[in-house]
Amino acid sequence: MNSLVALVLLGQIIGSTLSSQVRGDLECDDKEAKNWADDAVRYINEHKLHGHKQALNVIKNICVVPWNGDLVAVFLELNLLETECHVLDPTPVEKCTVRQQHNHAVEMDCDAKIMFNVETFKRDVFVKCHSTPDSVENVRRNCSKCPILLPPNNPHVVDSVEYVLNKHNEKLSGHIYEVLEISRGQHKYEPEAYYLEFVIVEINCTAQEAHDDHHQCHPYTAGEDHIAFCRSTVFRSHASLEKPKDEKFESNCVILDVKDGHAHSHLIQQHIEKNSISPEHNITILNFVHPDDHTSTSHESHEHVAEVPVVFVKKELPTDISDHHTTPVKGCPGKVHHFKLY
């Protein structure tokens, strides 16, 4: 009898958990809505190939629609903010600092659709995002001398990164690095300087070979990779036309051993032999479909990312993602977790 009661109670618990996941009357600040939004943000950060991780800022809208059979479609409109963690950084996004307005913040608006199977708990995620930096006018309105964001391919930014890299390679005996990606550059004032964020990777060359245009240098194979996240400031004038030679600079690079199977180890291969300049803002940066084969509803474990390399399929998003017009929902948009850019 006790076993039967326990079985009934277990069924009620499972049923309650399942029904909470597929509620159709969600408001944007409901816990269930936050769980769906966290799912979408997690996938964005796990599969974003360039730049920095994103943090949830506002759930702008949510709509849960019954689909075919056991499928439920969850449509989300999200506003995210750029953090200071690069996408290759293993730090959980919850522990990443959101880039503040005085440091020229960048926001990202995303349309997401999660197809959820209530029987198998499988999720198919479709995401389309567009990032936009805060306007220069807004930054200067509150802080006239705050650093201004520059395109990562700005000549001063590129030259300054190469200058710092050469200085590092001179000091690191037996270890030579090359730029994997320039993810941020800013023009600073008083004193005038260039602030840089970039990622470097160790290569299988000597210093002499690295300067030989005829010698092919490559990053080490998976499991032997050493990458470093660098934040540097090079003090030089915007009017300088020559490449930096003896300018003062400050730099801090955190070196990370990349383990084979690390959640983002496959992304390093995406960077190798590619353009080392991060894509500029104001463009759609994500357009992917990724199936999730979880067999439970847990939001904690995502080891499958490390076990199986993700295959990206270039395809048009279903029209019902960006063209799905969700009617305004009571309680939406939700609260602002950080700040709004205007």
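All positions are counted from 1 along the displayed chain.
Glycine too: its Cβ is placed from the backbone N, Cα and C atoms.
Feature annotations, courtesy of Swiss-Prot:
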SIGNAL    1-19  signal peptide
DOMAIN    22-130  domain 'Cystatin fetuin-A-type 1'
REGION    24-108  region 'Indispensable for metalloproteinase inhibition'
DISULFID  C28-C332  disulfide bond
DISULFID  C85-C96  disulfide bond
DISULFID  C110-C129  disulfide bond
DOMAIN    141-254  domain 'Cystatin fetuin-A-type 2'
CARBOHYD  N142  N-linked glycosylation site
DISULFID  C143-C146  disulfide bond
CARBOHYD  N204  N-linked glycosylation site
DISULFID  C205-C217  disulfide bond
DISULFID  C230-C253  disulfide bond
CARBOHYD  N282  N-linked glycosylation site
Euclidean distance between Cα atoms of C110 (disulfide bond) and N142 (N-linked glycosylation site), Å: 27
Alpha-carbon distance [C230 (disulfide bond); C96 (disulfide bond)] in Å: 16
Residue distribution over DSSP helix, strand and coil in the region 'Indispensable for metalloproteinase inhibition' (24-108): 23 helix, 35 strand, 27 coil
Cβ neighbour count within 10 Å of C85 (disulfide bond): 22
Helix, strand and coil totals (DSSP H, G, I; E, B; other) for the domain 'Cystatin fetuin-A-type 2' (141-254): 23 helix, 43 strand, 48 coil
Listed disulfide-bonded residues (C96, C230), ranked by Cβ neighbours within 10 Å, top entry: C230
Rounded inter-Cα distance in Å - C85 (disulfide bond), C217 (disulfide bond): 27
Distance from C253 (disulfide bond) back to C332 (disulfide bond), taken between C-alpha atoms, in Å: 42
Helix, strand or coil at C332 (disulfide bond) [DSSP, three-state]: coil
Mean predicted confidence [pLDDT] for the domain 'Cystatin fetuin-A-type 2' (141-254): 88
For C253 (disulfide bond), nearby residues of its own chain (Cβ under 8 Å, 6 or more apart in sequence): H168, I200, A228, F229, C230, R231
Using Cα positions only, nearest of the disulfide-bonded residues to C205 (disulfide bond) (C28, C129, C143): C129
For C110 (disulfide bond), the one of C28, C143, C146, N204, C217 that lies nearest, given that the recorded positions are compared by Cα: C28
Pairwise CA distance, C146 (disulfide bond) versus C129 (disulfide bond), rounded so that it is a whole Å: 27
